[in-house]
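To keep things clear, I will list the structure first and then write my remarks on it.
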Amino acid sequence: MSKAIKTLAVLTSGGDAPGMNAAIRAVVRTAVFYEKRIFGIKRGYDGLIEGDFEELNSKSVKNILNLGGTILKSARSEEFKTEAGQMKAYEQLQKHGVDGLIVIGGNGTFTGAHRFFEAHGVPVIGIPGTIDNDLFGTDYTIGYDTATNTVVDCIDKIRDTASSHNRLFFVEVMGRDSGFIAMNTAVAIGALDVILPEQNKSYEDLFVEIEKGASNKKTSNIVVVAEGNKLGDSFSIANKVREHFPQLDTKVTILGHLQRGGAPSCFDRVTASKLGVAAVEGLLNGRFDVMAGMVDEELTYTFLQQAVMNKAQLDPEMLRISKILAI
Ligand SMILES: Nc1ncnc2c1ncn2[C@@H]1O[C@H](COP(=O)(O)OP(=O)(O)O)[C@@H](O)[C@H]1O
Ligand SMILES: O=P(O)(O)OC[C@H]1O[C@](O)(COP(=O)(O)O)[C@@H](O)[C@@H]1O
Ligand SMILES: [Mg+2]
């Protein structure tokens, strides 16, 4: 274990995700366990550039394990994408004597962290925290489990009213470029169909599924729409469907940011705790420029660049299962 690293810092970046606080807690307590100093950096890379640092101890992270959001706050920083911004960030780390950085975030955060490591050689390690689950090198990103449970809970409620009125609902879920939330919740709520960013679905394909649902005399039909899909936003999709099936009573619900809030599930808390410990121990053992992740229940370290570039792939079997069960 490296004695060279004496002072660590942790930040959260990109979209917040339930379980980020559990990861912060694990990072801070593990650092304290190994007798290292630990700073919390506020507002992601913006706070890093501006020197918004606060020294933390084990008591600073009491009673946050169960909280959604992130006590460190998060940001999307345009300045960190520039060389000048990265230089300012490096100078802040030097000023505070930080010799190891832990970033909790998603693919954008890791892209920035890898560039930072290449430009300034700062030992950096990532913890996957995003509801999108779009990183290679971990089966689950922190926040994904809670977000999908929230979506299922919401769609179950929509189903009640949809059935009472014999309606067709398009429910839009998050996932900027990734269909994980949509695909898994579609199976979990028994969707008629799902529209994913990873697919080249046509309106004709969609109309065939809706026709099937209508001819089977179902009392309610729900199509789960991933936000980043190629057909369009859920309102324009619903309008096209109304033109084609004017007899159907068609509604749209966009679940939006409520998917990112709420207390983290047990699974997200446990994953965050494991990965928080693994990130600090990884850094202290000389593992830099990598993300700590869980694959088949095993702790793994994957290079940040690979975690981003290889992108987690949807299981095509899920689409097949969804289709079989929608008859
Ligand atoms: N190419 C890049 N170079 C430097 N920083 C980047 C780059 N891409 C993203 N980032 C930083 O990471 C932040 C978070 O990325 P974003 O995509 O918004 O969220 P997430 O990390 O959750 O995917 C961005 O606001 C930016 O500061
Ligand atoms: O909160 P914002 O800035 O509107 O961003 C919305 C995006 O953030 C997410 O919730 C999470 O994405 P990231 O983890 O990549 O930030 C996406 O699903 C969604 O497209
Ligand atoms: Mg992302």
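For all residues, glycine too, the Cβ spot is worked out from N, Cα and C.
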Per TrEMBL, which one of Arg76, Arg159, Arg269 shares the ADP site with Arg25, Ala26, Val27, Val28, Arg29, Lys218, Thr219, Ser220?
Arg159
Which of these, Gly15, Gly19, Gly40, Gly175, does TrEMBL list as part of the ATP site with Arg76, Ser77, Gly106, Asn107, Gly108, Thr109?
Gly15
If you measure from the CA of Asp132 (active site, proton acceptor) out to 10 Å, which binding-site residues from the list Arg29, Gly106, Gly108, Lys218 are inside that radius?
Gly106
List those of the binding-site residues Gly106, Gly108, Thr109 whose Cβ lies under 6 Å from any atom of ligand 3, in sequence order, or write none if there are none.
Gly106, Gly108
Should we count any of the binding-site residues Arg25, Ser77, Lys218, Ser220 as near ligand 2, judged by a CB under 6 A from one of its atoms, and which?
none
Between the two most separated Cα atoms in Arg25, Ala26, Val27, Val28, Arg29, Arg159, Lys218, Thr219, Ser220, the residues recorded as binding ADP, what distance in Å do you get?
53
